[in-house]
Amino acid sequence: MAAPVTRRADGGSDLTPSITNGKVELDLSSPDQLTSPLKNARSQNLATQDEALTFLSLNGNVSRHITQQEDALLLRKIDRHLMPIMFCIFFLQLMDKQTLSLCSVFGLAKDTNLVGDEYSLLGSIVCIAQLVMQPISAYLLVKFRLSLYVPVIVTLWGMTLACMAAAKNFVGLLIARFFLGVFEASIQASSVLIVQIWYRRQEQGIRLAVLYSSIGWVHIFGSLIMYGLGHIHSNIMRPYQLISLLLGGITILVGFLSFFKFPDNAVRCKFLSNEEKAMTIELLPQRLRANQQGLETKDFKLKQVKETLLDIKSWCWMILAFMIAIPGSGIASFGPLIIHGFGFNRYNVMLLMIPFGTLQIIFIFTAFWFNKKYSRKSPVILLGLLCSSAAAMILLVTGRAPKDQPVLLLAYYMLSTFITVPATVTNWQSSNVAGHTKKSATTAFMLMGAFSGSIVGPLLFSTKEKPYYRKGVISMLACFSGCFVIVVGLMCYLMHLNERNKRRRIAQGKSAVITDYSMLDACHVEQEKAKEGTNATIGTHAFDDLTDLENDEFINGLLDGKPSTAYSRIYFQSSTVSLS
């Protein structure tokens, strides 16, 4: 029996709940029942809590059973509206960063009179700006709606890129690239945040793989674009100016489009019906409640920032990001120059970059397929580090004679396996932190490490050392070794946290053994529920904006093995809840 709706004089509606078998049920078919209370949430002093909790506390839940097919259809609908625009923005940001290295083999230094380490500084200045902006970015991502904030910075970044075509010397390029870094500072963090808000942890990996695969697509399309532009001989415009105008114009267009397409959270979005919003937030225990990560709140909590700075995990991820970024940025900035040093001309360099990008796409999707199928991340990370170390060693000891070109190319293409490392680590980090402010702060902190490494990386490579770049290659080997040590240490610490939460649950009278539905697909969730039943005391604080350290029901995902029975069983209350 559905609940009758009483219309008020202000156009809103009051809900009269019906009681069926001791459960409170509400009819959510009327849009006013959902939107009016939500719009008035601020006046009810609910604005500082998680928006999902506000939505549910004001409107109740749907009590009918949701099938696996409905869940799959909902997920595909979310993907159709979120992933294309996010991929375009992610791709354009990486394309912008790769432009400098692609232009380097077409006379950028000569056209702009660069000397000494000025080229390396142009590669680092973007990351310096992004590093400086990260604390501000973390605050803005919490305080402003993503559907407005991101389109604004994308549009401004496109305008800056187009204006960079007017720069004709080092100072002009330096200023333009600094402001590019300022406007791009929030792009990666906002992408990770959107994935955390919209997808359960088991679904986040493949979406991050799609975003990170744009690194490979950049090498493919960027190389083809530069190959074509490089054949244009003009006394008016140089290749770097042509590509700046082209990419700047495309970015501005995408920025305007994102005002209409970039997503808000599941409560505020326009492409879901009211029933679909409730389904996304609450109905299936394997959806957002299972994450124990909350949805979104505009209350910036300093205590969560403090916890971020005191959390060992945050420092491990930051240091790991730093050590990953050093070789990553070195390859990004000097990759074409390294291939050029093998003895190939500039046009062949562009063509040889295409297989490199193709391999990156293959490896990243293979890695995330392996992660999802076997629930094992450590083999992916360790294998990526091992292959990259072998490649760096070959580049270090092999000569640069024409007969060595096949071996050198093989070694360089082996470096494409390294893409699996930062992508997998980002997925690992994003699924192991909770609390809206802490999620933003942790991502910003990790990116500060990444940007710091990206500043250092290009400076370890010098054109004076071509074609061997020994100092840069040796630094890559050192970073690969350091990453291995940190990954192992962080795994041990996460095991300790899971044990601690187990003891806390026992002390509070909860079940020590809980099932993490967020790491299972819909089919396995139904099987687990059928076998184990439900527990109404678990999952009730999922939208209380608790951090991962505050919530004793939060399960830290380990890098190795499937979710263990001892640490990963979460039972949730039924979909119908009582209204207080």
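Our numbering is plain: 1 for the first residue shown, then up by one each step along the chain.
Keep in mind that glycine also has a Cβ here, set from the backbone N, Cα and C atoms.
According to TrEMBL, the region 'Disordered' annotation covers 1-22.
Taken from TrEMBL, the feature transmembrane segment applies to 85-109 (among others).
The transmembrane segment annotation in TrEMBL covers 121-141 (among others).
Feature annotation from TrEMBL assigns transmembrane segment to 148-167 (among others).
Under the heading transmembrane segment, TrEMBL lists 173-198 (among others).
Marked as transmembrane segment by TrEMBL: 210-230 (among others).
Annotation comment: TrEMBL describes 242-260 (among others) as transmembrane segment.
Sequence annotations record features per position, and here TrEMBL assigns transmembrane segment to 315-339 (among others).
The transmembrane segment annotation in TrEMBL covers 351-370 (among others). Listed by sequence, the residues of this chain that lie at least six past the ends of the transmembrane segment (351-370) yet keep a Cβ under 8 A from its Cβ atoms are 102, 205-206, 208-209, 212-213, 215-220, 222-224, 227, 335-336, 339, 344, 376, 379-380, 384, 409, 412-413, 415-417, 419-420, 423-424, 427.
Within the same chain, residues 327, 338, 341-343, 363, 367, 407-408, 410-412, 414-415, 417-421, 424, 467-468, 470, 473-474, 476-477, 480-481, 483-484, 487 sit at least 6 positions outside the transmembrane segment (382-401) and bring their C-beta atoms closer than 8 Å to a C-beta of that stretch. Look at TrEMBL and you will find 382-401 (among others) tagged as transmembrane segment.
Nonlocal intrachain contacts for the transmembrane segment (407-428), taken as residues 6+ away from its ends with a CB within less than 8 angstroms of a stretch CB, comprise 192, 204-205, 208-209, 212, 215-216, 317, 320-321, 324-325, 327-328, 331, 335, 338-339, 342, 352, 355-356, 359-360, 363-364, 367-368, 371, 377, 380-381, 383-385, 387-388, 390-392, 394-395, 398, 400, 446, 450, 483, 557, 559. Annotated transmembrane segment per TrEMBL: 407-428 (among others), in sequence order.
Outside the transmembrane segment (440-461), and at least 6 residues removed from its termini, the chain residues within Cβ reach (under 8 Å) are 117, 120-121, 123-124, 126-128, 130-131, 134-135, 137-139, 141-142, 188-189, 192-193, 304-305, 308-309, 311, 313-314, 317-330, 333-334, 422, 426, 429-430, 433, 469, 471-472, 475. Positions annotated as transmembrane segment by TrEMBL: 440-461 (among others).
The transmembrane segment annotation in TrEMBL covers 473-495 (among others).
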- prompt: Do we see three or more Cβ pairs under 8 Å linking the transmembrane segment (242-260) and the transmembrane segment (173-198), pairs being at least 6 apart in sequence?
  reply: no
Message: Which residues of the chain, 6 or more past the ends of the transmembrane segment (173-198), have a CB below 8 A from one of its CBs?
response: 78, 82, 86, 89-90, 93, 96, 100, 112, 121-122, 125-130, 133-134, 136-138, 140-141, 146, 149-150, 153-154, 156-157, 160-161, 163-164, 167, 204, 207-208, 211, 263, 265-266, 280, 288, 291, 293, 295-296, 426, 430-431, 439-440, 443-444, 447
Query: Who are the chain neighbours of the transmembrane segment (210-230) in space, where the CB to CB distance is under 8 Å and they lie at least 6 residues beyond its ends?
result: 83, 86-87, 90-91, 94-95, 98-99, 102-103, 106, 191, 195, 239, 242-243, 246, 346-347, 350-351, 353-354, 356-361, 364-365, 416, 419, 422-423, 426
Message: Take the C-beta pairs under 8 A between the transmembrane segment (85-109) and each of 121-141, 148-167, 315-339. Which stretch has the highest count?
response: 315-339
- prompt: Same chain, outside the transmembrane segment (121-141) by at least 6, Cβ under 8 Å from its Cβ: which residues?
  reply: 97, 100-101, 114, 149, 170, 173-174, 177-182, 184-186, 189-190, 193, 300, 305, 329, 332-333, 440-441, 443-445, 447-448, 451-452, 454-459
